[in-house]
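Remarks on the structure that follows.
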Amino acid sequence: MKVQIYQLPIIFGDSSKNETQITQWFEKNMNAEVDVVVLPEMWNNGYDLEHLNEKADNNLGQSFSFIKHLAEKYKVDIVAGSVSNIRNYQIFNTAFSVNKSGQLINEYDKVHLVPMLREHEFLTAGENVAEPFQLSDGTYVTQLICYDLRFPELLRYPARSGAKIAFYVAQWPMSRLQHWHSLLKARAIENNMFVIGTNSTGFDGNTEYAGHSIVINPNGDLVGELNESADILTVDLNLNEVEQQRENIPVFKSIKLDLYK
């Protein structure tokens, strides 16, 4: 499976310019060999939290329409990061994915809101776990958002249910880059799966985003990584490595869920 990761500099509070930027990246970088494209967290408006009442998408309407067009045009599955999204008068940080036929194949609201950013004052936390879902080739994957990375429990269910890839979409700060590396590697090792961390780059006020989008294999080895600059990372994944690692180190056969209460 060939995966292409878009490490974008999100334009603060301007969904139109962000859509234009993404469109240009597709036009410049897409080719028929790519199976999956991945976008970062909150790519429509960034963390313009105080103005999301006016700027957030309405029930994924605009964001889904935009991504659906790209998926159908380029015949590619898109793990579409996440967007600020109003539903039932509440604002969510909503991750979603669209297959190459233009079908919505996943929707997930960020469960863990970041207290350090006062997200709870502006956003509503999701109430459902991240589910496994199928890409066009039948591969089961899952999609989580940024701060979710610090909660290993959230990935256990989709991993145990057969997901072979975990996509963490993020706006992760440079000040915690060491945590980004360590936590992504840990999630890959403990679940015997590929983990893909897709981050943004650039500045949002005084916050510098770390970039360093990264792919880690089920053994915890580095497959590919970007630096802090805006760029694209393309990797080829051998998904047989997941089954091999789960046979060699059968953690899900050894797990004792009844004891972990």
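For all residues, glycine too, the Cβ spot is worked out from N, Cα and C.
From a predicted model like this one, the values you see are computed outputs, not experimental measurements.
Taken verbatim from Swiss-Prot:
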| type | residues | note |
| --- | --- | --- |
| DOMAIN | 1-239 | domain 'CN hydrolase' |
| ACT_SITE | Glu41 | active site, proton acceptor |
| ACT_SITE | Lys110 | active site |
| ACT_SITE | Cys146 | active site, nucleophile |
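Structural mapping of features recorded in Swiss-Prot.
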{"residue": "Glu41", "record": "active site, proton acceptor", "CB count, 10 Å": "25"}
{"residue": "Lys110", "record": "active site", "CB count, 10 Å": "25"}
{"residue": "Cys146", "record": "active site, nucleophile", "CB count, 10 Å": "26"}
Could you state the whole-number distance in Å separating the C-alpha atoms of the residue listed as 'active site' and Cys146 (active site, nucleophile)?
9
Rounded to a whole number of Å, the separation of the Cα atoms of Cys146 (active site, nucleophile) and the residue listed as 'active site, proton acceptor' comes to 7
Could you tell me the mean pLDDT the prediction assigns to the domain 'CN hydrolase' (1-239)?
98
